[in-house]
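A.B. asks: As listed in TrEMBL for this protein:
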type	residues	note
DOMAIN	48-296	domain 'G-protein coupled receptors family 1 profile'
TRANSMEM	32-55	transmembrane segment
TRANSMEM	67-89	transmembrane segment
TRANSMEM	109-127	transmembrane segment
TRANSMEM	147-164	transmembrane segment
TRANSMEM	207-232	transmembrane segment
TRANSMEM	244-267	transmembrane segment
TRANSMEM	279-298	transmembrane segment
């Protein structure tokens with residue numbers, strides 16, 4: 001574990017009721033330089049993912065397993081970023097930059113629960129593409145609506161139950177010393193560094209998290225390696241290009257998501273300088289979600305057509321209403 005517990009001499013009798021965040025070093029005296037772009041990024045993430053979600057729900061042409069998973073992933077991204085970015089924005093314009101103890105626990109829990117759920121949805125998407133390309137004749141038999149519902153429900157249940165024991169355990173720890181979190185949002189390690197108790201048991205949870213991350217990465221990697229091998233054997237150039245383009249967006253999201261996850265949570269004993277640590281968190285919590293609506297809307301013809309149809313329908317409805 002990369003932080004040491006406080007000694008008895010470092011403790012005092014004051015119980016910590018709230019934490020406060022340290023500044024992002026380059027913007028300590030000019031927070032607005034970060035506030036404005038971060039606000040626009042957040043609004044783009046919300047509007048972009050909501051548009052994708054609505055387009056998939058409203059366009060019956062996209063009612064298939066692949067787009068259902070994409071819609072679910074976009075819906076999760078809305079809440080995943082809402083857990084952290086509004087508080088970051090508030091901290092940039094606030095002098096106090098505080099968060100209550102309960103608020104910090106809730107932020108940690110929902111941020112990681114939504115993150116784990118997203119990882120499982122990405123795994124389900126990889127399995128879906130594997131069946132579609134490697135076993136197309138049995139695709140309709142295997143990827144039934146019932147299986148898709150089970151995969152979606154199972155992802156949510158597992159994601160939100162997995163982090164519950166760790167969060168409950170942290171809530172029982174005594175916090176009586178320093179209360180400054182050296183991160184952009186409440187995360188397990190920066191908070192545990194402030195506990196006035198032995199937190200070495202968290203190593204068990206770290207191992208569980210690492211195993212779950214590596215399991216998802218292994219399943220997705222093996223699926224796409226098999227998919228690429230099958231695609232390369234397709235004789236028709238047009239069919240091969242169409243198959244590659246279908247999977248390109250998924251692979252890009254996979255690399256962005258798990259690449260940032262790996263930098264944040266698979267470092268083990270490696271420590272980063274504070275600035276690099278916060279920059280990694282910014283990439284993980286902000287920039288990776290930013291590219292989801294870009295990739296799925298700009299690189300996907302079916303999605304662009306669906307968004308266009310939905311927007312045109314809204315325009316026609318408004319014109320009809322005004323007449």
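Every residue, even glycine, has its Cβ placed from backbone N, Cα and C.
Looking at the shown structure, what environment does each listed feature sit in?
C.D. replies: Under 8 Å from some Cβ of the transmembrane segment (32-55) lie the Cβ atoms of residues 24, 62, 70-71, 74-75, 77-78, 81-82, 85-86, 88-89, 92-93, 286-287, 289-290, 292-294, 296-297, 303, 306-307, 309-310, all in the same chain and six or more residues away from its ends.
Long-range contacts of the transmembrane segment (109-127) within its own chain (CB-CB distance under 8 A, at least 6 residues past either end) are made by residues 66, 69-70, 72-73, 76-77, 79-80, 83-84, 148, 151-152, 154-156, 158-160, 162-164, 167, 185-188, 212-213, 216, 219-220, 223-224, 250, 253-254, 257-258, 261, 285.
Same-chain neighbours of the transmembrane segment (244-267): 2, 66, 73, 115, 118-119, 122, 125-126, 129, 133, 209-210, 213-214, 216-217, 220, 224, 227-228, 231, 280-281, 283-284, 287-288, 291-292, 295-296, 299-300, counting only residues six or more beyond its ends whose CB sits under 8 Å from a CB of the stretch.
Sequence-distant neighbours of the transmembrane segment (279-298) (same chain, 6+ residues past either end, Cβ-Cβ under 8 Å): 38, 41-42, 44-45, 47-49, 51-52, 70, 73-74, 77, 80-81, 84-85, 111, 183-185, 187, 249, 252-253, 256-257, 260-261, 263-264, 272, 304, 307.
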A.B. asks: Report, as numbers and ranges, every residue of the chain located at least six residues beyond the transmembrane segment (67-89) whose Cβ falls under 8 Å of a Cβ in that stretch; write 'none' if there are none.
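C.D. replies: Here the qualifying positions are 35, 38-39, 41-42, 45-46, 49-50, 52-53, 56-57, 99, 107, 110-111, 114-115, 117-118, 121-122, 124-125, 128, 148, 152, 184-185, 253, 285-286, 289, 292-293, 296, 302-303.
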A.B. asks: Restricting to the domain 'G-protein coupled receptors family 1 profile' (48-296), what is the model's mean pLDDT?
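C.D. replies: Value for the domain 'G-protein coupled receptors family 1 profile' (48-296), mean pLDDT as a whole number: 86.
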